[in-house]
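Taken from Swiss-Prot as is:
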CARBOHYD  N73  N-linked glycosylation site
CARBOHYD  N177  N-linked glycosylation site
MOD_RES   S257  phosphoserine
TRANSMEM  31-51  transmembrane segment
TRANSMEM  90-110  transmembrane segment
TRANSMEM  136-156  transmembrane segment
TRANSMEM  224-244  transmembrane segment
Amino acid sequence: MKPAMETAAEENTEQSQKRKGCFECCIKCLGGVPYASLVATILCFSGVALFCGCGHVALAGTVAILEQHFSTNASDHALLSEVIQLMQYVIYGIASFFFLYVIILLAEGFYTTSAVKELHGEFKTTACGRCISGMFVFLTYVLGVAWLGVFGFSAVPVFMFYNIWSTCEVIKSPQTNGTTGVEQICVDIRQYGIIPWNAFPGKICGSALENICNTNEFYMSYHLFIVACAGAGATVIALLIYMMATTYNYAVLKFKSREDCCTKF
């Protein structure tokens, strides 16, 4: 029979080893989390959601403003209505694609991070795994360039609505309010190329333009386009983070897969 003091000491030692083992396991698991990819995933989800949701509603509001004020003849803006409807369907596709792609990128980030940090023993990777990582690097670069174009394109309606809003502010200003020159301050939507030059009326002036700026459709569409543009910018930043993370992981995997590799990053 062992003394009670020795038995208690052994039990305390076993408990401390178990706690230490649990702590080391938690640290090991946390070390395998791709924090850069995780931040990029949250940012990408938020950006795509803002762009798709706000952009869809803003496009519908833009069509309503054009039909009610700038182009009363349906045949004049028929092509624009079809293009906007097509863009709304494209938005559905973008949201679905990025929902899947970002999840796959996050899973790939967990795989490559675990392999790079050798969390499961010695370094293990296959040629197929490195090929898949390289494919994700290429796709992410292509999507990053494409979203730069989307970000620039989403700034166009913001610029257009800002010009209309600033013109309305000029009409409301005390310097021009009540003068005969107010009715000569106009906005010609045809100059932006979204409706043909023969569209009627195409140009709105004075108090009629001020009434348009006071409508809920204009207010909501203007601010939703701003939020959609910000969402596109957030998506670009997320893809840039993905580019850096995937490129670094692929480079390390490629380097460590060499037989003559003797240096570790």
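Indices start at 1 and increase along the chain as displayed.
Each Cβ is built from the backbone N, Cα and C atoms, and glycine gets one as well.
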Cβ contacts under 8 Å made by the transmembrane segment (90-110) with residues that lie 6+ beyond its boundaries: 32-34, 36-38, 40-41, 44-45, 48-49, 51-52, 55-56, 132-133, 136, 139-140, 143, 235, 242, 245-246, 249
Message: What residues elsewhere in the chain lie close to the transmembrane segment (31-51), defined as a C-beta under 8 angstroms and at least 6 residues from its ends?
response: 91, 94-95, 98-99, 102-103, 105-106, 109-110, 112-114, 117, 119, 150, 154, 227-228, 230-239, 241-242, 244-245
- prompt: Over all shown protein chains, what is the count of other CB atoms within 10 A of the CB belonging to N73 (N-linked glycosylation site)?
  reply: 13
